[in-house]
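According to TrEMBL, the protein has these features:
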- 17, 18, 19, 20, 21, 22, 23, 24: ATP binding site (BINDING)
- 19, 20, 21, 22, 23, 24: substrate binding site (BINDING)
- 42-45: region 'Interaction with substrate tRNA' (REGION)
- 127: site 'Interaction with substrate tRNA' (SITE)
- 150: site 'Interaction with substrate tRNA' (SITE)
């Protein structure tokens, strides 16, 4: 297909949607039709050695190597089959910090590099704030740590931290996923940002503008529940123990952000026989389904997304046709709206 990357705009494709809608699988199919590379926008897939539970979909034909791009003076790793590369996996160790600002720096470096190679960046993932920051850089990432406030907040219980954040901003609290609502680090940082008296200057962000097609995959809740249940059962039957042991060797109490991926605490309780297999399955499916509902709620409040229902067997063809038309056009301003 003829390359039509604009000299004034950087073309980029976004594929997002709730968990268990096949985002990465679809992106890899598109990468066979277009000269493209994938950029993961998932806050739990950045950690090394943690592959199964965060759902890193790495085809068996792909191998890991370092790219020629650096972040903080270290090469950014990729998984590649020498035709298509996946960026955004294995960026930091599970006990190392990672945040929205780091993702913003990383993603823009990769987007610019990939487009310079006359390839299409496909941003794929379900962490809505990661995708949003590429279009709407937030000043929140500029709020510096407040050691005095942190020391005071660290003495509070989870319940008190939750209530404090709810009092400051119910919207912010409700935007957090279940894990983050029970993660003291996430709660403290949110309170810290909302309590900041810093007056932020307007962003002087000078990254190129994106000519972006944004696709949101969706499905009836019954379909999502079926897909989630199948995946949970596969993971419970998998060789998860090595991954769990690696994580617990670094974080015995499972309190680090890397440990907040849905499933680790349940697997730990199941392995220690604190809960039965059926209890583990039910708990995990319910957590994932509630997370999917929150993802959908967030996405429906966004604009300029083409919504694609994955239930029809021809949904992949719908996406291919849509991307093909957009890829060959200079401008596009028509968007579909989500179906209720």
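The backbone N, Cα and C atoms fix where each Cβ goes, and this holds for glycine too.
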Candidates 23, 150: member of the recorded positions with the richest Cβ shell (10 Å)
23
Assigned conformation of residue 22 (ATP binding site) - DSSP reduced to three states:
coil
Do any residues at least six apart in sequence from residue 22 (ATP binding site), in the same chain, have a Cβ closer than 8 Å to its Cβ, and if so which, in order?
217, 310
Sorted by sequence, non-19, 20, 21, 22, 23, 24 residues with Cβ within 8 Å of centre, substrate:
17, 18, 25, 26, 126, 217, 227
Cβ-Cβ distance under 8 Å to residue 21 (ATP binding site), same chain, at least six residues away:
217, 218, 219, 224, 227, 310
Averaged over the region 'Interaction with substrate tRNA' (42-45), what pLDDT does the prediction give?
95
Identify, in sequence order, the residues in the chain of residue 19 (ATP binding site) that are 6 or more apart from it along the sequence and have a CB within less than 8 Å of its CB; answer 'none' if there are none.
55, 126, 224, 228, 288, 291, 292, 295
Other than 17, 18, 19, 20, 21, 22, 23, 24 themselves, what residues in this chain have Cβ atoms within 8 Å of the centroid of the ATP site's Cβ atoms?
126, 217, 310
